[in-house]
Amino acid sequence: MISANSLLISTLCAFAIATPLSKRDSCTLTGSSLSSLSTVKKCSSIVIKDLTVPAGQTLDLTGLSSGTTVTFEGTTTFQYKEWSGPLISISGSKISVVGASGHTIDGQGAKWWDGLGDSGKVKPKFVKLALTGTSKVTGLNIKNAPHQVFSINKCSDLTISDITIDIRDGDSAGGHNTDGFDVGSSSNVLIQGCTVYNQDDCIAVNSGSTIKFMNNYCYNGHGISVGSVGGRSDNTVNGFWAENNHVINSDNGLRIKTVEGATGTVTNVNFISNKISGIKSYGIVIEGDYLNSKTTGTATGGVPISNLVMKDITGSVNSTAKRVKILVKNATNWQWSGVSITGGSSYSGCSGIPSGSGASC
């Protein structure tokens, strides 16, 4: 005979088994295998703890349920393989990605570095983001990326804050093309309060709209860049703000580069209240002659730069550097004021500066 209590317990157990994971469920991924990842991804709170990702595999956190939180704890590492990556991929809406106190996401880049970047052995990109719906990525500690760090593509309404990217080891060990943030085909993205030590652009905005880069520190790389723009499927930058940033000991300070012979648009770009120091090549460089990672000396106007504001830019360049270089065509409606860069020398070959803009070399 089955008692009423037994029947109740059986019913509750069956309900628990049949009910999908609730918002309160937390799952932890640890160890050296991704075999349980498909199950972990169904949880609304995901902890990545002391994980070693197998060679040639992606920590695939794509397609997460809306509102999921991902927390990195301990040390995350990646076994070696020559491949394009990414090592981590995250997508979804209203996603929160956070770093716990004392954690590190270590790309162990020295295994791949050869001083050649894209021209050498195949190196994996580090973190690919496709996040929307007021998602947030905050407090991550990234160390020694093999290649580009954050690939921000097809994102919207995303805030990235308080990230530390430390690739200082690459300065002497062959790190190259270690961009901090690469932005493409994205809108309403805010990157703030981050610190980047690397060997390439601190940020490169290749396409997108309403991209804001504020209150960040950029060390040792190639500075803050719009572009290169041109030669891709999306060749429009409409709305970029770089405000209250510090660029230190970098090749360039502030840069816009468009591809020679290409078509596209760069408009509504604002560099405001940025400080530069220890710049090795150019304090400000705006060039329409970029091609195959070099400049040709001949600007073309297929990607015109319009509605450019350069305001309250201060600092210094090294003795062998140029303070400002401008080589463009078809540029319109520039407004420059409060640009005060000391050291170095002037660039004698500037051309294409819109009249009445206040810009000069």
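The backbone N, Cα and C atoms fix where each Cβ goes, and this holds for glycine too.
Here's what Swiss-Prot has on this protein:
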- 1-18: signal peptide (SIGNAL)
- C27-C43: disulfide bond (DISULFID)
- 155-185: repeat 'PbH1 1' (REPEAT)
- 186-207: repeat 'PbH1 2' (REPEAT)
- D200: active site, proton donor (ACT_SITE)
- C202-C218: disulfide bond (DISULFID)
- 208-228: repeat 'PbH1 3' (REPEAT)
- H222: active site (ACT_SITE)
- 237-258: repeat 'PbH1 4' (REPEAT)
- 266-288: repeat 'PbH1 5' (REPEAT)
- N318: N-linked glycosylation site (CARBOHYD)
- N330: N-linked glycosylation site (CARBOHYD)
- C350-C361: disulfide bond (DISULFID)
Q) For C361 (disulfide bond), which of the recorded positions C27, C43, C202, H222, N330 has the nearest Cα in space? A) N330
Q | Protein Cβ atoms within 10 Å of C27 (disulfide bond), excluding its own | A | 16
Q: Would you mind ranking the disulfide-bonded residues C43, C218, C361 by how many other Cβ atoms sit within 10 Å of each Cβ and giving me the lowest?
A: C361
Q: Can you grab the distance from C43 (disulfide bond) over to N330 (N-linked glycosylation site)? Cα atoms, rounded to a whole Å.
A: 53
Q) Most CB pairs under 8 Å with the repeat 'PbH1 5' (266-288): which of 186-207, 208-228, 237-258? A) 237-258
Q.
Just to verify a number: CA distance, C202 (disulfide bond) to C350 (disulfide bond), in angstrom, no decimals.
A. 25
**Q.** Residue pair C350 (disulfide bond), H222 (active site) - Cα distance, angstrom, rounded
**A.** 21
Q: Consider the recorded positions D200, C218, H222, N330 and say which one has the Cα lying nearest the Cα of N318 (N-linked glycosylation site).
A: H222
Q) What else in the chain is close to the repeat 'PbH1 2' (186-207), if you only count residues 6 or more beyond its ends and a Cβ gap under 8 Å? A) 117, 145, 148-149, 152-168, 170-171, 175-180, 213-229, 232, 234-237, 240, 242, 247, 250, 255
**Q.** Nonlocal residues around H222 (active site), in sequence order (Cβ under 8 Å, 6 or more apart)
**A.** Q199, D200, D201, C202, S250, D251, N252, R255
